[in-house]
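Peer 1: Here it is, the structure, as structure tokens.
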Amino acid sequence: MDESYYDYSWYEQLFLLEDDHESHLQNLSIPAVPLSNVSNNSTTFEDRDVPVTAKVMVGIIYVLTGVLCGFVNLVLVFSVAYYKKMQSVTNILIANLALSDFGLAVISLPFSLDYYIVHTRLWRHGKAACAAVNFMQMASLYVSTYSLVVITIDRYLVIIHPRLPRMRRKGFCAVAGLTWMTSVFLAVPAALYSRVIPYSSRDGSYCGQLWPVGQRASYRAYYIAVFVAEFALPVVVMWYCYLRILVRVCNRRVPGQHTATQTDQLARSRLRTVRMLILLTTTHMLCWAPYHVVSLIRDFYPDLLNSFLLNNTTMYIAEGLAMGNSMMNTILYIVINPNIRSYLKAAPRDFYRCCTNRKVKGRSVRRPFRLSSLSLGSYKGSSKRQASVERA
């Protein structure tokens with residue numbers, strides 16, 4: 001397609017390029033980030049580069065996210081798929097969230113680490129990979145957000161409206177599939193408008209989204225819709241549900257006669273569940289809020305980002321925090337949920353036994369151990385209570 005079809009001048013304006021960049025407009029090329037005035041020999045690209053401290057911090061976040069999400073979430077998805085006892089409706093939704101984080105860690109993060117940290121905004125992997133990475137980031141973002149919303153609504157209905165009939169396991173599997181279908185559909189523009197564009201004043205190319213001439217209003221409308229559908233509305237829904245849950249759990253009296261120790265244990269179990277839910281929601285909000293705020297300022301009030309260095313550094317940190325949300329979800333599961341910790345300790349040994357037995361004996365392996373449910377709010381108690389928790 002003809003390069004004149006794209007509005008490079010408007011896109012450069014979003015990145016606060018100076019008016020002296022007429023050579024960029026004539027060459028119809030767009031720098032990835034605001035470059036210095038090429039006619040001024042006293043200023044170079046390196047002067048506008050992101051500080052090493054910011055690069056190191058974001059690089060550490062990317063590496064930790066890739067390692068933790070790549071291993072822990074894979075183990076979690078496998079355990080829910082393999083062990084029938086793990087296949088509660090809540091665990092299916094948690095596995096859906098873990099699968100999206102795993103895809104982000106394996107597919108998108110390696111390219112982002114190479115692009116932002118190793119080669120300083122030089123894209124070396126072609127147009128197809130550029131579109132795939134942008135698409136995967138948006139799809140994973142939507143799946144993670146909507147999975148958290150579905151988990152929140154499910155917990156809300158179970159605790160606030162326990163008498164309502166609950167959806168069966170197949171229904172929740174359908175909801176998980178619908179989450180993926182919706183997320184893929186909403187992420188299509190990220191792939192459709194991805195372009196690899198050469199720099200004007202340095203070697204290499206930039207990977208980003210570039211919208212056609214005359215679609216400035218559409219571009220802004222799209223990102224407002226992303227902000228509302230992915231961040232603002234889900235945060236409002238989740239906080240409303242969790243606050244209602246918190247009030248109900250703290251005020252609800254346990255029926256029957258209980259000793260002081262039993263009452264204390266039940267109270268701690270309730271608070272542990274509520275704490276995990278609130279931490280997940282708070283972490284999601286804190287990790288993604290800077291990214292959305294900076295994006296909205298960049299698109300609607302570019303003059304506020306009056307420093308090239310501030311612009312680049314802020315976007316680096318905001319994107320690093322956003323990608324780190326997947327890592328924080330994984331850490332919260334490990335720290336708060338003892339069942340996941342127990343599984344991670346036993347997983348290497350038991351996986352080795354399963355693989356060895358299958359290879360030697362050529363028959364299906366008896367499950368080496370059983371895990372209690374990863375369902376939020378599970379607790380130790382009588383077999384009847386435990387069964388009711390797993391069904392939840």
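The backbone N, Cα and C atoms fix where each Cβ goes, and this holds for glycine too.
Pulled from TrEMBL, these are the listed features:
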type: TRANSMEM; residues: 56-81; note: transmembrane segment
type: DOMAIN; residues: 72-333; note: domain 'G-protein coupled receptors family 1 profile'
type: TRANSMEM; residues: 93-118; note: transmembrane segment
type: TRANSMEM; residues: 138-159; note: transmembrane segment
type: TRANSMEM; residues: 171-193; note: transmembrane segment
type: TRANSMEM; residues: 221-243; note: transmembrane segment
type: TRANSMEM; residues: 276-294; note: transmembrane segment
type: TRANSMEM; residues: 314-336; note: transmembrane segment
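Are these features on the surface or tucked inside, and what touches them?
Peer 2: Remote same-chain partners of the transmembrane segment (56-81), defined as residues 6 or more beyond its termini with a Cβ less than 8 Å from a stretch Cβ, comprise 87, 91-92, 94-95, 98-99, 101-102, 104-106, 109-110, 112-113, 116-117, 316-317, 319-321, 323-324, 326-327, 330-331, 333-334, 340, 343-344, 347, 371, 374.
Long-range Cβ contacts of the transmembrane segment (93-118) within its own chain (Cβ-Cβ under 8 Å, at least 6 residues beyond either end) map to 55, 58-59, 62-63, 65-66, 68-70, 72-74, 76-77, 80-81, 124-125, 129, 132-133, 136-137, 139-140, 143-144, 147-148, 150-151, 154, 172, 175-176, 179-180, 183, 207, 316, 319, 323, 326, 329-330, 333, 374, 376.
Among residues of the same chain six or more beyond the transmembrane segment (221-243), those with a C-beta under 8 A of the stretch's C-beta atoms are 138, 141-142, 145-146, 148-149, 152-153, 155-156, 186, 189, 274, 277-278, 281, 284-285, 288-289, 292, 295-296, 299.
Residues 144-145, 148, 152, 155, 227, 230-231, 235, 238-239, 242, 245-246, 314-315, 317-319, 321-322, 324-325, 328-329, 332, 336-337, 376 of the same chain lie 6 or more positions beyond the ends of the transmembrane segment (276-294) yet place their CB under 8 Å from a CB of it.
Within its own chain, the transmembrane segment (314-336) has Cβ neighbours under 8 Å at 50, 54-55, 57-58, 61-62, 64-65, 68-69, 72-73, 76, 94, 97-98, 101, 104-105, 109, 112, 116, 140-141, 144, 272, 275-276, 279-280, 283-284, 286-288, 290-291, 293-295, 298, 305, 344, 374, counting only residues six or more beyond its boundaries.
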Peer 1: Please average pLDDT over the domain 'G-protein coupled receptors family 1 profile' (72-333) for the predicted structure.
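Peer 2: Value for the domain 'G-protein coupled receptors family 1 profile' (72-333), mean pLDDT as a whole number: 81.
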